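Marked as repeat 'WD 1' by Swiss-Prot on the basis of sequence analysis: 65-109. As annotated by Swiss-Prot, repeat 'WD 2' applies to 112-153, with the evidence given as sequence analysis. What Swiss-Prot records for 159-198 is repeat 'WD 3'. The repeat 'WD 4' annotation in Swiss-Prot covers 291-330 and is backed by sequence analysis. According to Swiss-Prot, the repeat 'WD 5' annotation covers 333-372, on the basis of sequence analysis. Feature annotation from Swiss-Prot assigns repeat 'WD 6' to 375-414; the stated evidence is sequence analysis. Under the heading repeat 'WD 7', Swiss-Prot lists 418-457. Annotation source Swiss-Prot lists repeat 'WD 8' at 462-501, citing sequence analysis. Here Swiss-Prot flags 503-544 as repeat 'WD 9'. The repeat 'WD 10' annotation in Swiss-Prot covers 546-585 and is backed by sequence analysis. The repeat 'WD 11' annotation in Swiss-Prot covers 588-623.
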Amino acid sequence: METQASPKDEVAEAVELELEAVIGFNGHVPTGLKCHPDQEHLVYPLGCTILIQAINTQEQNFLHGHGNNVSCVAISKSGLYIASGQVTFMGFKADIILWDYKKRELMARLSLHKGKIEALAFSPNDMYLVSLGGPDDGSVVVWSIAKREAICGSPAAGLNVGNATTVIFSKCRDEMFVTAGNGTIRVWELDLPNRKIWPTECQTGQMKRIVMSISMANDDSFFYLGTTTGDILKMNPRTKLLADTGPAKDKFSLGVSAICCLKMGGLLVGSGDGLLVFCKSPSYKPIKKIQLQGGITSITLRGEGHQFFVGTEESHIYRVNFTNFKETLITTCHFESVEDIVFPFGTAELFATCAKKDIRVWHTLTNRELLRITVPNMTCHGIDFMRDGKSIISAWDDGRIRAFAPETGRLMYVINNAHRIGVTAIATTSDCKRVISGGGEGEVRVWHIGHQTQKLEEALKEHKSSVSCIRVKKSNEECVTASTDGTCIIWDLVRLRRNQMILANTLFQCVCYHPEEFQIITSGTDRKIAYWEVFDGSVIRELDGSLSGAVNGMDITVEGVHFVTGGNDHLVKVWDYNEGEVTHVGVGHSGNITRIRISPGNQYIVSVSADGAILRWKYPFPS
């Protein structure tokens, strides 16, 4: 928890950065994507934040308040309240936050559960909120929304069964709800005068099932349970008996991970392998179906369900019209750690990011994905645009350098076996004739790029460990490489040999030339930002870059007046270069920041993080 406590001291004297946009969606949260009852907004989690995204415009609102990743989200039937739960460390209290939707602010913080909040549900008339604790907690608690306090609690499952993982309220009565999980299905009655909840175990006979998802019919006649086996159970909440199960054959692959009842009858079912199906009881055979990318974790209706939204584990949000059952991808993002971000030379209109198995090009103002280049089962560690804009050069962990056309994503050429233990860093010269790459074994290699050929000019062997960052001087006669062996080396690119070496007791993660190119700034795991003389490699000054974690990314403006840093303390910091003071701090990331860039023309700062999020900030000074 120390990473959450310490940033407050630094934020005190610095001005807060203005967050303009977030590209990101945590698709791993079960039923995390919700369509608000006003039918104009989507609500979904990203790290510790909850995003309220307007469906028809680019407008976004952010709910900040959780100290750790959000694990569940619920919206009341009236749309007045949003509730969200989080995970935390073992033995610590995990908070539930009740938000006022209209004012977009925190109303109450409800703390009782330990470790994790598994699921949340509102009663139909906004009277109660029921919460389910995680495996270390195992309790179910009913909260009064008016008084904002707990009414009563109870262990969620019996002694000889597994944990309960899902909860749903009755659609008509404020006193009944259902919990289900590993081998347990319970219907609960709330007894308000005695402040107790009474469970009744549902009988499924010989069937033993682990419940993944749950949905209640509009008139409370039945509720449906999706299981890891890939079938659906239909239960009667009054008799607590099994009505029917299905499908008998062709069960849903990787389990029924999302389920949703429609008012007109029938079910929408999402499976763990990305199949979206419309089916009806009792056969549960697919009437309509489409295949989506990534396991489906959320299905949420817009209004009565003529249109609905689907969220998948690969951070895709689809809009589907029920009548023609065709999907439209409306939001997408990286679902793994983003390794690098880069702007093309001289334009801030678009930028590229890379992560596991793909490179994506984004339109800056609309947050739209323009292009996706996929290389299956590989991780891209670094990218750079050639100065002429004709190719994107990328560094991959299979030891290859790949070049792609930025408009089409066509593979232009591959340099095989560029490095032994993967390519970890890459840079290009401004005359577009050379590519400089760094590898996991510590070699720095200079490649000559011709019209049809790619030739190795020199392998520079000095570093003992992986190269983390490469920057080239404007004149293309010199470059600096930072390595995790604790050295930064300045190379002469004309004679292809070492000019100067900088030693420090740290794993260097990032390096920048000052625009006047007589100084460099470095940072890394010792949290210090150091200024060095290029000429003799002597240290000029050291600043404390962060109080709590490594600094992973850094970029400097063209004028050299300000620079930005980001790292494991999840904060974006803008620094005055000469004073060495933090002028602005950006709070919003919930994963470790991996890389950060200032756009050409100093309009935006774009930072990327290990949870797959891309954040765009307004550059605080007039350009």
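Just so you know, the numbers here start at 1 and follow the chain as drawn.
Glycine too: its Cβ is placed from the backbone N, Cα and C atoms.
Per-class residue totals from DSSP over the repeat 'WD 1' (65-109), listed helix then strand then coil: 0 helix, 26 strand, 19 coil.
Outside the repeat 'WD 10' (546-585) by six or more residues, the chain places 2-3, 6-7, 9-11, 13-17, 507, 509-516, 521, 523-527, 529, 591-598, 600, 602, 605, 607, 609, 615, 617, 620-621 with a CB less than 8 A from a CB of the stretch. Between the repeat 'WD 5' (333-372) and the repeat 'WD 9' (503-544) there are fewer than 3 Cβ pairs closer than 8 Å, counting only pairs 6 or more residues apart in sequence, which means the two stretches are not in contact. Per-stretch counts of Cβ pairs under 8 Å to the repeat 'WD 1' (65-109) identify 588-623 as the leading one among 375-414, 418-457, 503-544, 588-623. Counting residues 6+ beyond its ends, the repeat 'WD 9' (503-544) has Cβ neighbours under 8 Å at 465, 468-469, 471, 473-474, 480-488, 490, 550-560, 563, 565, 567, 575, 577, 580 in the same chain.
Confidence annotation: the repeat 'WD 7' (418-457) carries a mean pLDDT of 94 in the model.
Cβ atoms under 8 Å from those of the repeat 'WD 4' (291-330) belong to residues 24-35, 39, 42, 44, 55, 254, 257-260, 262-264, 268, 270-276, 278, 612 of the same chain, restricted to positions at least 6 beyond its ends. Secondary structure counts, DSSP: the repeat 'WD 7' (418-457) has 0 helix, 23 strand, 17 coil.
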